[in-house]
């Protein structure tokens, strides 16, 4: 089972959409009753739902925020009544887009009541796989309190998987000037405490809506529609029986060659605007093509500027595994320079028999590409520009933070960027003696 946690305004909005999609796919109506048409919908329903005494299905979801607003709108939304009422945990003060408030002051006061609810949900599970957290990194609650919660859960359940869906701030779609601070402080935490981070980015989502879906003025609703489709795709092999049943751990084993490099780019195909799905049947070659297209990536980094360490594709619908494998091989052979050669067979694909609502087939792409450093680099530059002048710092030190923490977060993020760069440049045939010598020096320097 997976316990789902959503925090902050963004996390709650995305999370609410995610549950709408998942409920639709499993044939569960807003009151939690099942009205679907195939047993497959119920076969692994317990991954995300608890079955209550009267035959109702209740999401294993915890909703938290430091102000009541967003949660009220979730509660009054289409599926608001399906959640367990005790699982709404909220404060009144808000975090005011301040990471320190979410992580150290306001959030720290609320965290124990959130942990109680998480514990209750975890105790309800027979065999807990792990946790998935939806949050944004630009604000105060999702980033500050979200990372606080992740580190607390890490302490209490050290051997369970921790997956995050993290929305990174983007230069074009920004609501606060301190986003780079909040994001850097969060990444500092995610590198250490999360197992897998699915990186989403408003700018990239915005571009997809604008360019591919031809929406002239995309709303957050449209962006969240994309996110929820992708989240549903990433998790579909956990929710439905497929030929290759994956769980969070198998996903991690295939995708993470080095523990710190666990930030994934996501892609989705077919991208059609909401109204036009039914007109053309897509073929496996077409969705494979579209899925690998850099314009389809949900974060603002171009995979052609780096190399894939690993990648994984999840195809949904009735299709032959053979055809899928051929298409995937085809992509790798044509673009071999974009894959590191020192991890052979670094692309895996799985097929899940049940397509998303309204489509015959679809695919979701998860890639671990070194080009994601572009995004960290971008945030880091913005961070440095402000931090050099200590701009806005008093909001954080006023909550008891120390400048040292900023410096550490900054250097951790820069280390991450250079690690990605190092593996991007690495080849299979490098002179091994040199490497050993370097390692030897490094070890001695560190001592």
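The backbone N, Cα and C atoms fix where each Cβ goes, glycine too.
Pulled from Swiss-Prot, these are the features on record:
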BINDING   9, 67, 136, 140, 141, 142, 202, 224  GTP binding site
BINDING   67  Mg(2+) binding site
COMPBIAS  411-425  compositional bias 'Polar residues'
REGION    411-447  region 'Disordered'
COMPBIAS  427-440  compositional bias 'Acidic residues'
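Comparing the binding-site residues 141, 224 by how many other C-beta atoms lie within 10 angstroms of each C-beta, the top residue is 141.
For the binding-site residues 9, 136, 202, the largest tally of other C-beta atoms within 10 A is found at 136.
As a summary of secondary structure, the compositional bias 'Polar residues' (411-425) carries 15 helix, 0 strand, 0 coil according to DSSP. Largest Cα to Cα distance within the recorded GTP binders 9, 67, 136, 140, 141, 142, 202, 224: about 23 Å as a whole number.
In the three-state DSSP classification, residue 136 (GTP binding site) falls within a strand. Annotation for residue 140 (GTP binding site): same-chain Cβ neighbours under 8 Å, separated by at least 6 residues, are 8, 66, 94, 95, 96, 97, 98, 99, 101, 102, 182. In the three-state DSSP scheme, residue 67 (GTP binding site) falls into the coil class. Among the listed binding-site residues, namely 67, 142, the Cβ with the most fellow Cβ atoms inside 10 Å is that of 142.
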